[in-house]
Amino acid sequence: MLLRVRAAQGYHDPAALRAAGDRAAHDLLRAELARCRPGDAVLSEEDADSRRRGGADRLTADRVWIVDPLDGTREFSEEGRSDWAVHVALWARYAPTPHGLVAGAVALPAQHRVLATDVPPAYPPAPARPGAPIRVAASRSRPPVFLTDLAEDVGAQLVPMGSAGAKIAAVVTGEVDAYIHAGGQYEWDSAAPVAVATATGLHASRIDGSALTYNEADPRLPDLLVCRRDLAAPLLAALRRQLSGTAASAEHAAPAATEESR
Ligand SMILES: Nc1ncnc2c1ncn2[C@@H]1O[C@H](COP(=O)(O)O)[C@@H](OP(=O)(O)O)[C@H]1O
Ligand SMILES: [Mg+2]
């Protein structure tokens, strides 16, 4: 559907294309979830009620779908770019993992693939050139300000890319070794990709090493590290060095997203 929206609308009015894509994907997912799983709650970027801090039925529900109908909205509106995604994750109250995610799928329509937990992708192959720089995916538009220093510290090469889902998919497929974000994000930006990454056996945590948790009253989840297991300890140590002495807060963050910057 999103590929059809792009084809029908063209790229002359990016804001209108972004709005049309968000709306079409949200409406489709909301209708299908209501039809197939009428008893479950939904937390969606495009549903203001579900996003409300503390107020929604999702806080008492046993099963909550965490949905980002269009992640990488900016890239979706740029002709030729394929780094945008659709995220659908299922959170369950009695799940055995701290993150609570029991299923997830990340669709990359312009890359013609879907990564999902029902048949988790294989763990990525070891880097072809031993000793080559670690490749770290980061936001194209809002990379954490400490990332350049961190890259220098660990000898990493930064790979700018849009969409949290597309970046985590790049870690899953071995195109990059890690994804680091800080400074702002929401549960729907990472839930489905983190479900796939952990089902694949990759490391996923906050940048201080603590667990990612979902379906919290406040859906803000501002930072994360997803990487190959062997890189978790060195990258968390490098993150500690960057963040030591100050909180991982606005000082280290890119400016928060505004409607215009999305
Ligand atoms: N500082 C910030 N504050 C809030 N959201 C942010 C953010 N930085 C990135 N995001 C969100 O995280 C997703 C991936 O961002 P990026 O492409 O820059 O890596 C985007 O989701 P959406 O496209 O669904 O809005 C973007 O809005
Ligand atoms: Mg998003």
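From the backbone N, Cα and C atoms, a Cβ is placed for every residue, glycine too.
As annotated by TrEMBL, Mg(2+) binding site applies to Glu45, Asp68, Leu70, Asp71, Asp189.
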Of Asp68, Leu70, Asp71, binding-site residues neighbouring ligand 2, Cβ under 6 A: Asp68, Asp71
For Glu45 (Mg(2+) binding site): intrachain residues, at least 6 apart, with Cβ closer than 8 Å: Asp22, His26, Arg51, Val67, Asp68, Pro69, Tyr186, Trp188, Asp189
Asp68 (Mg(2+) binding site): tally of other CB atoms within 10 A of its CB: 32
Neighbour tally for Asp71 (Mg(2+) binding site), based on other Cβ positions within 10 Å of its Cβ: 28
